């Protein structure tokens, strides 16, 4: 029986009508124009673009306020050490980490629909921002080679103004928002499906290696190490650290780092599980504790003057002055931002969908692109570096019982208290403590190596994507590794469609079919050959399909 005979006997259930292109274009144009001429539709569109206008009037204070308060304060406490620590990766002063934890999250609350994701500092994106910051500073003749506290400009700059690292970081943030918002307008949210979990997992784990190497010099108290980048730079960096550590290690800094990391590790791995068994549901802010204690000890014994331990230094009080991005470097920032856009969107969308499904609500991918874009564009006006959703903070936000995005208000309020009044108290905080916070936080990323076992059982191709993503990111560099990872993942899609798996079940012509017998229920009917081709039939695999069908028919006809 061929397709024509089958349709004559059983009917054609397919809709073969083709809609002309002009109809599609007319519908798309109508969708853009109607909200502008219909007041009611305009209001509906505006409400959908700003979800807080829908859910805030319906907010149930009795059921949700206490849970949001507890969750928001807890998440805000996590923001403080992470914001201070990750600012070093971005190449800016620690105070800008507090700004980055506060303002983008507040703007996301206005435009976002995911109730539990926590927008703020994220190690991988911050590392990529630091690399992009250096590239742009170097491209325009500026220098950021002396660390986060440097904002030098050499005389060969092509810009009419002085350029500081935070100006570049803020312009990068705005550029990321422009790309994300444009992707939403162009309805490119479907591209997020190409960033598979193995790709993102392998890339973030490989990036964690770079983050780890970047913190080792602070752990040993090493300063003045040359910066390097490009293929194999991680090995050059490791060699420089080893050679410098032999005779330049600051042993007070090293001892402080060992004590801090031991406290963080033991607290998270042993004390927290014990307290949880005893009924304590709220997480203990070990990072904040170690920051407070180390700042006090450093201030009492004057670590900086007596033992030459690098410290954070003066942190100004008061809100940041809003400033427009540097337009002259915006085109370069847009180019440098593409990799960060990919990581930010992939991580945020995956976490938003995961927790929405788990907690029984829905998120609109396109609206999330708008929300990420708006939060970056508006947040970039307040001296911030690029941010993203973090798995650890999001998990804590969920576990502490947050119900809605209103929890962000309490997180931002806590951060504003520190920004407005308490910042100078952190003047004596050793820089090595921030490195310890980052290193201990990387454990969750390195634990993704455990996915190799499950990928081996589920899909060898996905395992290969993970390995290529991890290896290329570690060996070459973060930006180049991301490009290679995406390219290889797309190639696997082509390979799977061109050389798909196929199976066939052959029924003997003289066999008897009895569906009442369980052991024979899975067998085909007599004179039936079942052939399955695990791919859409397209021009790249049609020849293989024909050959396999002919081979299957020959085998079937040869059965007695």
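Backbone N, Cα and C define each Cβ position, glycine as well.
Where the annotation comes from TrEMBL, it is an automatic prediction and has not been curated.
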Legend entry - Matching range for TrEMBL feature annotation, transmembrane segment, among 393-410, 411-428, 429-446, 447-464: 429-446
Legend entry - Where TrEMBL places transmembrane segment among the ranges 466-495, 496-525, 526-555: 466-495
Legend entry - Per Cβ pairs under 8 Å, the stretch of 249-267, 279-301, 334-356, 368-385, 429-446 packing most closely against the transmembrane segment (466-495): 334-356
Legend entry - Residues of the parent chain within Cβ reach of the transmembrane segment (368-385), under 8 Å, 6 or more residues beyond its termini: 49, 87, 90, 92, 96-97, 99-100, 103-105, 107-108, 110-114, 119, 126, 129, 166, 169-174, 176-184, 188-189, 319-325, 344-345, 348-349, 352
